[in-house]
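Taking it in order: structure first as structure tokens, then the write-up.
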């Protein structure tokens, strides 16, 4: 019966707020200070008075610089932007050639396949004429006459002589690419606010500026060596097999009139996996060819396997501007959070105040409607 009586009281007792005035400057200070912190966090730190919009951007790049190389395949050669930027224009990215493997004077003919476990044979019956394997260098023909390191292989119909891509130069052929510069022209807009943000630059400024994190952080001209260095990499090491670097442009702006001008913030990061043990085909490379015709009309080509660094320009950001609707909504949220502040003050009184026993005694009062007296309880 006692248990049922207690449960009935718990369910059916009516509670009403009670005002207990405590004349303590310390507790009052904690109460008001906590209220102030809640309002500042919601309205100022989180900028709850602003509506936001995501950035839409356009990016174009222009690389400048030149280099020289001297190899047995290409001899003494001068390289300019038309040679090492492939393709000339990319979609929010650009590629700079740094190392190459050249296979010159290829013609369409028959030649022995390079030795692999699937291409080594001992008789013509091992060579299925007309068979095509995507991993081979051409269409299979008859048994070849040559032996490569003691292994005999089938002939293939392909561009001959075949490329041997295992002899990669240990040092980047275009090591001078580290001193190339790139101009990144980036314009952004925030559709909700109908506002375009154009970099505050002109031709005279561009002729004398170069990006520097400390002295010139707003200049859109970057030296490739510095980009790679800011990403924590060494340009000459990365240039041997190539890689992918991200140029991150943060356009997070405050568009209120008192906030000042909006400038981008640049950061740099390597995007590909450089660990050869945990990466399939580490680095970055692709093949392209240059075609010619001999005086007797035969088509020839020079095959180039190019290694280099691809720079991806990634633009992101959010803009905020004062709006009456988010201000009202977030102010209401701040006021609702204020209802939690008395719990902090109660904790201070119950743990730190000198008269905490007296406070605990008068915090709750039980009133019996069948009696004219009241009882207080902690």
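Glycine is no exception: its Cβ is also placed from the backbone N, Cα and C atoms.
On a predicted model such as this, the values are computed, not experimentally measured, just so you know.
Database features (TrEMBL):
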type: BINDING; residues: 62, 63, 64, 181, 285, 286, 287, 305; note: ATP binding site
type: DISULFID; residues: 111-160; note: disulfide bond
type: DISULFID; residues: 127-154; note: disulfide bond
type: DISULFID; residues: 209-219; note: disulfide bond
type: DISULFID; residues: 253-262; note: disulfide bond
type: CARBOHYD; residues: 179; note: N-linked glycosylation site
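Considering only the recorded positions 127, 154, 179, the residue whose Cα is spatially closest to the Cα of residue 64 (ATP binding site) is 179. Cα of residue 262 (disulfide bond) to Cα of residue 219 (disulfide bond): a distance of 14 Å. With the fewest other Cβ atoms inside 10 Å of its Cβ, the least crowded of the recorded positions 179, 181, 285 in this structure is 179. When the recorded positions 63, 154, 286 are compared by Cα distance to residue 219 (disulfide bond), the shortest distance belongs to 63. The 10 Å shell around the Cβ of residue 64 (ATP binding site) contains 12 further Cβ atoms across the protein chains shown. As a whole number, the greatest separation of Cα atoms within the ATP-binding residue list 62, 63, 64, 181, 285, 286, 287, 305 is 24 Å.
Taking the Cβ of residue 62 (ATP binding site) as reference, residues of its chain lying under 8 Å away and at least six apart in sequence are, in sequence order, 182, 183, 185. Each of the disulfide-bonded residues 127, 253 was scored by how many other Cβ atoms lie within 10 Å of its Cβ, and the smallest score goes to 127. Cα of residue 154 (disulfide bond) to Cα of residue 181 (ATP binding site): a distance of 48 Å.
Checked against residue 285 (ATP binding site) by C-alpha proximity, the recorded positions 111, 127, 179, 209, 253 yield 179 as the nearest. Each of the disulfide-bonded residues 111, 219 was scored by the number of other CB atoms within 10 Å of its CB, and the largest score is that of 111. For the disulfide-bonded residues listed here (154, 209, 262), the lowest count of other CB atoms within 10 A around the CB belongs to 209. The subset of recorded positions (111, 181, 209, 253, 286, 287) lying with their Cα within 10 Å of the Cα of residue 127 (disulfide bond) is empty, i.e. none.
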